[in-house]
Amino acid sequence: MAIHSSSDALVYQSGFGNQFSSEALPDALPVGQNSPQKHPLGLYAEQFSGTAFTVARSEARRTWLYRIKPSAAHSRYQRMDRQMAGQEPGPINPNRLRWNAFDIPAAPTDFIDGLIPLASTSAAEQAEGVSVYLYTANTSMQRAFFSADGEWLVVPQQGRLRIVTELGLLDIEPLEIAVLPRGLKFCVQLLDSSARGYLCENHGCALRLPELGPIGSNGLANSRDFLTPVAWFEDSRQPMQLVQKFLGELWSTQLEHSPFDVVGWHGNNVPYKYDLRRFNTIGTVSYDHPDPSIFTVLTSPGAIHGQANIDFVIFPPRWMVAENTFRPPWFHRNLMNEFMGLIDGAYDAKAEGFMPGGASLHNCMSAHGPDNVTAEKAIAAELKPHRIDNTMAFMFETGKVLRPSRHALDCPQLQTDYDACWKDMARTFTQEPR
């Protein structure tokens with residue numbers, strides 16, 4: 001398919017969870033019904049369902065597509081010779097783990113071939129849990145892809161991306177994210193020479209905004225800052241490979257048309273993007289460090305009320321003003337399981353070893369917290385207002401244990417000396433108050 005210039009002006013629709021509608025040509029959207037006998041433009045009506053028909057209306061996600069060829073027009077899928085190597089779970093390992101950034105490959109590698117499986121909570125056929133990947137790429141996709149296994153949350157760390165989807169175009173860059181519904185066909189084009197980032201595949205309930213509770217009606221990620229594409233299509237009869245991820249395996253078929261042939265659509269099962277720089281950060285103006293749940297951007301609810309299947313949490317630039325307080329994130333043992341990445345700058349709990357493009361994993365009850373250098377500085381610091389700037393760390397937090405993949409445990413990026421950052425914690429105890 002053609003590579004679309006980054007200078008092309010993209011238009012978006014604003015809002016979260018809306019019943020959106022868009023058409024690239026007049027009369028693409030039928031009036032008063034979803035599936036007319038004869039569409040005025042000769043298009044096929046196709047429903048794209050992200051939930052069961054009988055879920056509560058507030059949970060229902062579906063979109064009606066009006067396209068040149070129905071998605072059913074394809075030949076038999078064949079299992080691909082090239083699969084994602086090393087994605088099977090490695091040996092059980094309760095240790096705290098940290099990885100250096102993965103290098104951009106030298107050989108031509110597109111977004112799909114560049115997926116690196118790091119950890120997963122469960123088998124893909126279970127309608128819960130998450131899988132975590134890194135991606136590295138140096139060439140645009142010349143094929144289309146969709147995942148039958150889950151919703152994708154894409155977090156760029158290096159390089160801008162244009163994501164061509166059935167419902168339109170999304171441009172994202174580092175400090176922005178994109179969410180792609182389960183089953184949505186897309187193609188990732190590079191707007192720079194290379195790209196690297198993180199990917200969370202959500203096998204459970206679709207991501208949504210967290211409840212605000214006593215915070216009130218505003219704050220955290222605001223609905224109006226989420227952007228959904230407008231209809232865009234290509235009418236092409238050039239053959240194109242379509243790859244799907246099904247139960248963790250890659251299968252492909254050959255299309256005799258473009259899968260990006262949706263001329264109009266309406267519904268709420270849609271892709272979207274969000275600029276993390278627009279997050280309205282909440283924090284203390286008195287004392288102590290609040291729980292990190294105040295930094296939640298998106299959440300997928302789990303089976304236990306109040307315990308998320310996945311929370312997407314960020315640690316953005318912010319002011320630290322707490323009085324008489326140890327200001328870094330405190331030492332912690334947690335029921336939840338925490339995968340962290342760093343998009344930009346430095347993380348305020350780790351002075352060394354955690355670099356942009358790197359990652360860490362602290363599973364259930366793994367003791368963690370600020371490293372020795374950070375703790376010493378925080379205890380001795382003069383407590384005046386301080387701004388943490390030029391930073392963006394994030395966390396995928398899940399109620400299920402994340403099993404590292406065999407590749408994640410065997411790769412050279414794994415830091416074998418991670419535990420050493422807590423080795424020389426000073427003994428400051430005294431029986432007489434200071």
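One-based numbering along the chain as shown.
Just so it is clear, glycine is given a Cβ too, placed from its N, Cα and C backbone atoms.
Fair warning: this is a prediction, and the values are worked out from it, not measured in the lab.
Copied over from Swiss-Prot, here are the features:
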- His289: active site, proton acceptor (ACT_SITE)
- His332, Glu338, His368: Fe cation binding site (BINDING)
- Tyr347, His368: homogentisate binding site (BINDING)
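Features recorded in Swiss-Prot, as mapped to the structure shown.
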residue: His289; record: active site, proton acceptor; Cβ within 10 Å: 16
residue: His332; record: Fe cation binding site; Cβ within 10 Å: 16
residue: Glu338; record: Fe cation binding site; Cβ within 10 Å: 21
residue: Tyr347; record: homogentisate binding site; Cβ within 10 Å: 25
residue: His368; record: Fe cation binding site; Cβ within 10 Å: 20
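Excluding His332, Glu338, His368 themselves, the residues of that chain whose CB lies within 8 A of the CB mean position for the Fe cation site are, in sequence, Pro329, Arg333, Asn334, His362, Ser366, Ala367, Gly369. Residue pair His289 (active site, proton acceptor) / Tyr347 (homogentisate binding site) shows a Cα separation of 15 Å. The DSSP secondary structure for His289 (active site, proton acceptor) is coil.
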